[in-house]
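Enquirer: One structure follows; several queries about it will come next.
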Amino acid sequence: MNYKFCRQRTTEREVRCKGIGLHSGAKVSMKLKPAPANYGVRFRRVDMSGSPTIIAHYHHVVDTMLATRIGFNGVTVSTVEHLMAALLGSGVDNVLVELDGPEVPIFDGSAAHYLDLVQEAGTREQGVPCQYLKIERPFYVQEGDSYIKAVPSEHLRVRYTIDFPHRLVGRQEYSWDFDTDTFRKDIARARTFGFLKDVQKLQSMGLAQGGSLDNAVVFDDYRILNRDGFRYSNECVRHKILDFVGDLALTGMRMVGNFEVHKAGHALHNRFLKQLMTKPGYFTVLTPAAIPTCFFPSAAIPTFLDPLQQVVKPL
Ligand SMILES: [Zn+2]
């Protein structure tokens, strides 16, 4: 899709589902509700007094150990990244996510169930141009032998490399160009993965209580433990792209750029965004004013994008 002509979308009707949380193992109910243009993605904790709401934004990331957790004023929502990726992959910009617990349900550890949920809800265009964050100059962050490099491009492309010392994983490299069809086919079904000894250690610490072969690919020292094996021969690196895209979606905008990611994780994904956003010359926020519309006054830019307003420029 040409970013110059894209308009924001929300879901058509309310949908609901139930699943378990990866951390707690407890049941959680989730609703997706349509939201107005420029609303972004927001999470509401209906199990808490006053039903507080958190904007899905990289500044609100408070923990990246097992998953991406956002929080504000002591209210947190964990494991947002697969849902965020599915919303971006479905072209949904604005939605209210209601939860009666502290985690987005993990389902099968991929984004497939969320895509089905959005499909069940249907989507509709909102007449307001999408907002894009476009990489303008090469930008690079590194930590040890992990790095993320972004260079200008007219599309969103992610090339990810992982390297795990396990004979069924090893070095995997995969490149993906953003497209809603290929997202469903090539990325969304890739499940999260882990190694049995790490899972056992986490569970002994009271973490990953909901983790099981139903929601992750798990390896022992030699084998994959899931009876049906992989969904893709390189499922692990595809899942890392899913994670990266979900974490990028926490800008509240669609990204335009070419990203090369090497052995990273949620922590570096988040650090990359935070550092990039302090370097105005390296990106621009595009508001497609060239589209004939009377629906997009500059005042409609979401307030949480305030720090960026000085670099907003029309196409
Ligand atoms: Zn993941």
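The backbone N, Cα and C atoms fix where each Cβ goes, glycine too.
From a predicted model like this one, the values you see are computed outputs, not experimental measurements.
Copying in the features that TrEMBL gives for the protein in this structure:
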type     : residues              : note
ACT_SITE : His266                : active site, proton donor
BINDING  : His82, His239, Asp243 : Zn(2+) binding site
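Describe the structural surroundings of these features, if you would.
Expert: His266 (active site, proton donor) carries a helical DSSP state (H, G or I).
Other Cβ atoms within 10 Å of the Cβ of His82 (Zn(2+) binding site), summed over all protein chains shown, number 32.
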Enquirer: According to DSSP, does His82 (Zn(2+) binding site) sit in a helix, a strand, or coil?
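Expert: The three-state answer is helix.
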Enquirer: Test of understanding: give the count of other CB atoms lying within 10 angstroms of the CB of His239 (Zn(2+) binding site).
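Expert: That number is 27.
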Enquirer: Among Asp243, His266, all listed as recorded positions, which has the most CB atoms within 10 Å of its CB?
Expert: Asp243
Enquirer: At the Cα level, what's the spacing in Å between Asp243 (Zn(2+) binding site) and His266 (active site, proton donor), rounded?
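Expert: If we compare the Cα positions of Asp243 (Zn(2+) binding site) and His266 (active site, proton donor), the gap is 7 Å.
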Enquirer: Cα of His266 (active site, proton donor) to Cα of His82 (Zn(2+) binding site): how many Å, rounded?
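Expert: That separation, Cα to Cα, works out to 12 Å.
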